Amino acid sequence: VDGVFDIVHLGHANALRKARAMGSRLVVGVHSDKEVLDNKGPTLYTEAERYEMVRACKWVDRVEEGSPYHTSLQVMDRCGAAFCAHADDPSVSIDGTDTYAEVKAAGRMRTFARTPSISTTDIIQRILGVVATPTHLSPYTGASPFVPCVSKYAAFYGGVSLSQTKTAGAEQTKASLKTRVAYCPGTWDLPHIGHVRFLNSLRTAHGYTRVVCGVLPVDGTTLTVPERVMSLASLRGVDDVSMSPFPASTAWLDELGAGGAGVDVVVGSESGREPIDFPEHLRLHIERVCERVRVVESPLPGYTAQTVRDRVETNRAHYLSRNRAKAERELDTAAAPSRMAPSSSKGTGAHNQGETQEGGGVGLTW
């Protein structure tokens with residue numbers, strides 16, 4: 001799989017989950033800033049941030065940094081990839097050429113159903129406060145509301161978290177130690193490297209063996225509660241996510257630490273609490289009802305969801321123009337799919353030469 005992976009969201013994560021289920025190992029190519037600029041336009045996240053975010057996904061085995069925008073058989077062979085997988089929506093560069101033409105011609109392309117409920121374009125439109133009219137709503141990146149279902153949550157609950165990546169010997173050693181659970185309530189809006197580093201530090205720097213996040217239903221977020229839950233559930237550094245995030249008592253916490261594990265409510269320090277966007281009045285509430293609040297300094301203080309929103313607002317004119325042009329191109333493609341030869345099509349539901357749709361296995365239908 002390859003892509004830009006800007007503002008890594010549940011749609012990206014679901015694509016990586018589906019691709020990983022198609023084989024035994026998943027290599028993800030992430031385009032450099034220059035490749036994206038030349039073929040699509042500037043990114044919100046830097047290439048270093050995007051590499052780190054993709055590595056944090058629990059279905060990814062390896063990241064190929066600086067992969068070409070037009071997917072190359074040479075790069076695939078170097079990675080040991082038997083085939084390339086992508087969603088069934090068109091993928092074209094700024095000049096209208098199919099970015100997977102070489103792979104398709106070699107018969108090494110597979111597709112899966114695109115997650116319809118979210119896209120980076122849609123998230124940027126939300127930040128800008130723009131609601132697309134029906135005549136300018138892309139059939140590919142114009143998002144429909146995400147409908148949370150138990151089956152979707154269950155699909156994301158699989159995969160490998162950091163607490164499951166040790167050897168058998170290490171597991172035995174860990175089992176002999178006291179289990180320590182970190183419960184991290186927060187807003188968790190717009191996934192970014194501040195989140196990833198904070199969560200990973202709980203194990204590497206603070207000795208927690210299990211990390212559970214709680215998603216706060218507060219006003220003013222860009223992503224909905226279910227979208228934020230799904231994004232967290234895709235991270236390697238998260239073992240579980242609570243959708244009932246308010247710890248009413250120490251007994252409530254004991255439920256998270258079933259089996260006698262100690263549970264701390266972990267919040268950021270006053271100077272570094274921003275990466276989890278924890279509202280101060282809720283922090284005070286938790287400190288009143290719980291005796292186990294632990295303050296942890298953030299590895300990346302000051303990096304917040306607002307940092308991402310500010311980047312969008314700084315380039316408002318560019319994104320408004322780019323998103324409108326992108327929607328118009330995608331509407332043209334959807335209206336006249338025959339303009340592209342079969343070997344260049346990215347999948348309008350048809351099976352192109354060398355492509356196979358995903359199977360109907362458990363967890364692959366969404």
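The backbone N, Cα and C atoms fix where each Cβ goes, and this holds for glycine too.
Per TrEMBL, the features are:
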type	residues	note
COMPBIAS	334-345	compositional bias 'Low complexity'
COMPBIAS	346-356	compositional bias 'Polar residues'
COMPBIAS	357-366	compositional bias 'Gly residues'
DOMAIN	2-126	domain 'Cytidyltransferase-like'
DOMAIN	183-277	domain 'Cytidyltransferase-like'
REGION	317-366	region 'Disordered'
DSSP residue counts for the domain 'Cytidyltransferase-like' (2-126), split into helix, strand and coil: 48 helix, 24 strand, 53 coil
Tally of residues which DSSP labels helix, strand or coil - the domain 'Cytidyltransferase-like' (183-277): 31 helix, 21 strand, 43 coil
